[in-house]
C-alpha cells in the first residue's frame, strides 16, 4: 500500500491543478486529441473469472448467473480468457464455449474482449479468427514468452503485425510481466500503435512512467491505453489512460465504475479517497492471493467463485482471514 500511496501523493500537485481547471479542460483528461477511434474503450472491464464445478469442469450455469448480476453494473464491456480466467488451463474447445456463452448473455452495447494469445504466431491467428466467429468484438493478445530471450522488439513486432493483419476483429496488446516475465518493449508498442487493426494495450506492469509515455507517444494514433489493475487506476487516468481491465471489478464493480466516473468529472478529492480504499483489496486479489483469493472474495459479495482448476490450490484458513481483513479494514465488508 505504501508504494501506491506515495505514487498518488506524487501526483497531487497535478491533480490539484486539474481540480481547479475549467470543466472543458478537465474533460480533456480522458479524451486526448487525435484521430477518430475504431472502438471507444473508455470505462471499466472486469476480466471474468471462469467458474468451475466441484469436479473442476467449466460451470456455464454459474457463469451465466454471474453475468446476469454484472448486467446491472455500468461496465464498458467484459474480458474473457484473460489471466484471471485461468486461460492456460482451458482447452481450445472450452475457450470458445466460454466466449459463446458470454456473447449470448452480453448486450450488444457492451464490448466483449477475448484472450487469444498463444505461443506461436500461427496458433494465435487461428484462435483469434475462432474467437471472432464465437462473438468476440476484440482480441486481447498476450505476449508470447516461453522463449523469452528470443522475444526481441523485432520478433514481437513481427508477431503482432501478422496477427493483426489476419485478424477479422481489432487487436489489443496485452503486457503482463508478472505472469510472462516479459514487458512488451516501448519501442514495439509505438511501432504497433501505427497498425490500423491494433487499437490499444492493456498494461498490467504498474509502471506509471511507462504508461504515461505510451499515452503521450500514441496520441495521434487510433490507440488507447488500458490500466491493467485497480491499484493504479486513478494515476493511469491522470496521465490519459482510457479505461481499466481490473480483476477487482469482479468483486467491487460498482465502486470501480464510480472511480471511473469521478475521474472523468474532475472530482479528484473524492476519486483519491475512493482509490485509497481500493488499494489493499486489489493487492489481496492480485499479487497477494491471486485467483483463489479473487474467487473467495467473489463469494462474499454474492457471486459464484468456486474452486480453481488444479494445480491452483485454495486458500488456507489463515489466508482467508487475511483476505477478509483487506476488505473489512477498508469498509467493504
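The count begins at 1 with the first shown residue.
Even glycines carry a Cβ here, placed using N, Cα and C.
No curator has checked TrEMBL annotations; they are predicted automatically.
Quick caveat, the model's predicted, so the values are computed rather than measured.
Taken from TrEMBL, the feature active site, proton donor/acceptor covers 174. Its Cβ taken as reference, residue 174 (active site, proton donor/acceptor) is surrounded by 28 other Cβ atoms within 10 Å in the chains shown.
Taken from TrEMBL, the feature active site, schiff-base intermediate with substrate covers 202. Note on residue 202 (active site, schiff-base intermediate with substrate): other Cβ atoms within 10 Å of its Cβ, all shown chains, come to 28.
For residue 245 (pyruvate binding site), the count of additional Cβ atoms within 10 Å of its Cβ stands at 29 [all protein chains shown]. According to TrEMBL, the pyruvate binding site annotation covers 245.
In this structure, the C-alpha atom of residue 202 (active site, schiff-base intermediate with substrate) lies 5 angstrom from that of residue 174 (active site, proton donor/acceptor). Residue 245 (pyruvate binding site) sits 11 Å from residue 174 (active site, proton donor/acceptor), counting Cα to Cα.
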